[in-house]
Every structure is written in C-alpha cells, then in structure tokens.
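Colleague: Dumping the structure here so I can ask a few things about it.
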Amino acid sequence: MKIKKKYCGHVIIVGKANVGKSTLLNNIIGKKISIVSRKKNTTQSNITGIKTEDNYQSIYIDTPGVVFDKNNNQMKHHKNNFYQTTQIATLIIFIIDRIDWTIHDEIILNEIKKTKIPILIIINKIDKISNKIILLPFINFLKKKIDFIEILPISAKKISNLILLKNIIKSYLPENCHIYPECYITTNSDFFTVSEIIREQLILFLGDELPSIIKVEIESFKKKEKIALYIKAIIWVKNVRQKSIVIGHNGEKIKKISMISRNNIEKKFYIKTHLVLWVKDKN
C-alpha cells in the first residue's frame, strides 16, 4: 500500500494591532483558542493553533499586534518576538485592515520582506467596505510593493474565502512529518487558557477603563479527581487607583467577572469549577 506523503509547516500571522488576526485564527482552527475584542493589543503573547486535515498540518502562530512609538514610528513592544517567530515560518500571513494602508503597514512589510519567506496578504473586514470596486485599484497598489504569493480579500468574521485561504496555505507546506497528534488544536497550557478566559472578561467588562498593563497570574490550579477544579488567580495592576477600577463599587465588577469566567472555564473543561480572584497592585 502506498504511504501518503505528509506536509507540515509554521504559518505566522502578523499585522498591526486590532486588524483581526485572532478572529482569523479562531475561524481557521474552528475553535476559540485566542481571545478577541475591539481593544488594541488584546493578544499579549504568541498563540499557537494547530489545524490537521488529512495529510496536511498547519501550525499557526498568532502574534501580538505590532506596536509603534508615537514619536518616531519605530516598532517597539514585541519587536524581538516578531523577529524570532519569523525564523521558523514556512509562510507569513500579513493582515491589513480594509484599504487602510498606513506608514506602519509599510514598516511591517519592509521588515517581513527581509526574511525572504513567502508572504500572503489578507485584506480583512471587506464586509465593511460598501463599494467593493475600490478594492481593485488597492490590490494593484499592493502588487507594486512586492511579489506576494497572493492578495486575498476576506471577512474573517463571516468566514468568506476561508476554503480558498486554506488551500493556498496547504500548497506552501513542505513535505514533513506532523509535529502534533491529529487531536491537538493548540499548544496553550491549561494555566494559560484559564488566564486568558479571565483576561477576556476583564477586557469585556472594563473596556477603556482597563489598565493596559493588567496581567493575570494563576496561583494555584488543582483538580480533585474528575469532580471539581479549584483555581486561585491574581489580577495584577499597577496601583491602588487601577485596583479600585477592577474591583468596582462594592466589588460588583470583580464579582461579575469572576462568575462569567467561572462559567466559561466550566464550559471549556467540562468540570465544576471553584474560582477565587484576587486583585493586587505592584506598589
């Protein structure tokens, strides 16, 4: 019997903050593995998603949105991570927001061009473009920048052109053994998953009030047989003022955040969960 060839490679998703990288990743994988919000820089660290279909395995890395210094337009936060991640890439997906090409997109493009790795451009959120005719001149404008393997307009939310996107990605995967078992969809640890579930609720409840430096630390994670999960987590903020914002009047905000986080953890792990949240400041 002829053995099927296997294909496997890393696909890096890059772009400015809030262009839809995490939404795209979730839709490709078919499960929510990366939190999504309108707040910039929701993704704080690399999120790895794995999609195995037949003899093809794509390992996606959703990188934090590239942040720029307001004074000189230089890349700052996550810059080293940006370079390190591209070292293992088979393909780079560069996402841009509709036809909004800025100097920051130009800088990102110039950086990823240096890697000599094939680049696929995705024009996201096309559902928000009422006059689709304007897409053609914009695509022609992009074609003059570099010889991209493809320029694909999509709506990550509405999953338009997703099958075409997957087929393009498969065509660039090298012949290789699969790195992960077929059942794997992410390399995220349970600790990380829980901290992200909590952080998502902090973002949703606090919105613009949310301190940008907020971090969630899982202090303990204990499973009592298959009966219950006991979790203690610390929400770290910078100062007392930020602490009061997170807690809310009479503790109302933190109670709601805790309740919904607990429910979402139970849905994720299919087990009754006891969650204790502490808000601490670093001063």
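Cβ atoms are placed via backbone N, Cα and C, with glycine included.
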Colleague: Among 41-45, 51-55, 76-80, indicate the range for which Swiss-Prot gives the feature region 'G2'.
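Modeller: Going through 41-45, 51-55, 76-80 one by one, Swiss-Prot flags 41-45 as region 'G2'.
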Colleague: Out of 124-127, 252-255, 260-263, which range is noted as region 'G4' by Swiss-Prot?
Modeller: 124-127
Colleague: Quick one: which of 62-65, 70-73, 222-225 does Swiss-Prot have down as region 'G3'?
Modeller: 62-65
Colleague: Looking only at Cβ atoms, how many others are within 10 Å of the one on LYS21 (GTP binding site)?
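Modeller: There are 29 such Cβ atoms around LYS21 (GTP binding site).
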Colleague: Apart from its near flanks, which chain residues at least 6 from the ends of the region 'G4' (124-127) lie with a Cβ under 8 angstroms of it?
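Modeller: Distant Cβ neighbours of the region 'G4' (124-127) are 19-20, 24, 95-98, 135, 153-158, 160.
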